[in-house]
Amino acid sequence: MDLHQIIEQLAADLHNAQNDDVAYGRRLPAECNITSTPADLNRFSAASLDNLIDRFSNRKRKQPETTTDRNRTGRRRLSTDEILKLAGARIIQSSTWTAEDDGAVNVPLPDTVDDHRDGIITPEESKNVELVEYLLRSAEKFGKGEFGQASGLLDFCETLGPRDLQTGDPIQRAAYYFCNALREKMTAEENNRNSNTTVSASVEARKVVVLPAGRVPFFMASQMAGVQAVLESVWAEKRVHVVDLRIRSGLAMIALIQALSGRGNEAPQLELLKVTAVADDESEVEVWRETGVRLASFASEMNVPFAFKIAKQAQVLGLRKTQLQINSKEATVVYSEYALSPLISTPSRLHALMRLVKSIRPRLMVVVETEANHNSPDFGHRFVESLFTAAACFDCLAECCAPAAADAKDDDPAGMREAVGARFLGERIRNVVAAEGAERVVRDVRIGVWRKYFARCGMLEIELSELAVRHARLVVNRFPCGAACVVGAEGKSVVMGWKDTPLLCVSTWKFVGPKKARAAVEKKQRRRSGKRNG
């Protein structure tokens, strides 16, 4: 696919922008209109959420809005998303590929994006637009096999980029990693002409990026929404079994323990909460074991009967049903947080896991995944998509992990930001851009792709309740940078993102069998077709 075709829609979004204070295109769906719900359904109180956030993060109370995001003229600074779209529009405007020739979109821009005399765009913003433009042009030249010109454009990008990553802004930090990844891919392609050379996937690339939960609100918000869905499905049960496919620090299970401890006389007395954490290797077993100790300690504090076990899956055979110790007297739910997308590069393992989940017939399956398309076979499309996602993540880190106040001596958010950026985001950018074949393990897909796959697995999507979305928004609003986090509906799921860029999606599913799942999809398609024809 030609780069111009890829960025054509971005240019159209820019053209359709309503005004300077409304972000261009790629916006999330309209925010959910949450109505009031009966008090007896309010499983989490605002105070409980607040206590939970305080306990497991170092967040500070939201401060009054400042003007740090405005330039000297008082105009709001361009977001990373807007700068990327401006660069794309600039490429189309300067191209000989015109609307008359190929149906492209000609985008009217104010004079030129370099013109900052009337406060249209600042010199720093103009520099970043130029940086992204040359980065995109370099990727285009690479796609055409013109490695010499691509390398020359990367040289120019490096003159515009930051001398020190810690002083660079989000666009410059993202561009730095993309330049390095593109150079590595060019080197591998050139070497591949003489030998079978490939870019291997690092350990960091194989791990899903989870930005600091104590600083970035939508990760904790997604967990609260997912836990609320679990809670509603097992509210009247005496024995609950949660199979967590990637438990990590266990924050979601901590929220569940706290919620179950507050059932009071509204539900039968809880006899047991059992959590089974699935581990891929010995290193995860050790980490999960520490998580289990913390969960057991917290459950003891909350007077919740608790059991924790680890089920290690073999690389070849996968996970066996007997390892999960499923009991018919227990209400079983599956909680999957960033556990499925890493398996896309090995479809056999993904299919085996879904067959296992289907065999245990869970009451509900909660799925939290990255909302991005990093699995396109087309290099140009993959490059542009990952650039938007990475720039949004760096922007999120810059704002949510801003240097702490002088009196916060135990905080080191700037160091945390750099560590996350270099170790995880940088390696994942490298994998998306430079790796191919089995070594390209970062293959995130959007909820629409998961819907088709889950339907083939015989799963029916269950709409997240209004209360689940409300809890997500409550969490977001309790963070200093919460105003930049967007919570929106995507069909029956909920998408959360940073400003204009969707970053993750929460959905809930139930196994009903392939026929019922297909019938539900066909009914939805007929309804959509009827609306279009009407």
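Keep in mind that glycine also has a Cβ here, set from the backbone N, Cα and C atoms.
The structure displayed is predicted, hence computed values, not measured ones.
The annotation region 'Disordered' is assigned in TrEMBL to 57-77.
The region 'VHIID' annotation in TrEMBL covers 209-274.
Residues or ranges marked as region 'Leucine repeat II (LRII)' by TrEMBL: 290-322. Among residues of the same chain six or more beyond the region 'Leucine repeat II (LRII)' (290-322), those with a C-beta under 8 A of the stretch's C-beta atoms are 247-250, 253-254, 257-258, 260-261, 270-282, 284, 349, 352-353, 356, 359-360.
Positions annotated as region 'SAW' by TrEMBL: 434-510. Mean model confidence for the region 'SAW' (434-510) is a pLDDT of 93.
Feature annotation from TrEMBL assigns motif 'VHIID' to 240-244. Proximity of distant same-chain residues to the motif 'VHIID' (240-244), defined by a Cβ-Cβ separation under 8 Å and at least 6 residues beyond the stretch ends, is recorded for 230, 234, 250, 252-253, 256, 260, 270, 272-278, 324, 326-327, 330-335, 337, 357, 360, 362.
DSSP places the residues of the motif 'VHIID' (240-244) in helix, strand and coil in these numbers: 0 helix, 5 strand, 0 coil.
Across the range of the region 'SAW' (434-510), the DSSP-based residue counts are 29 helix, 26 strand, 22 coil.
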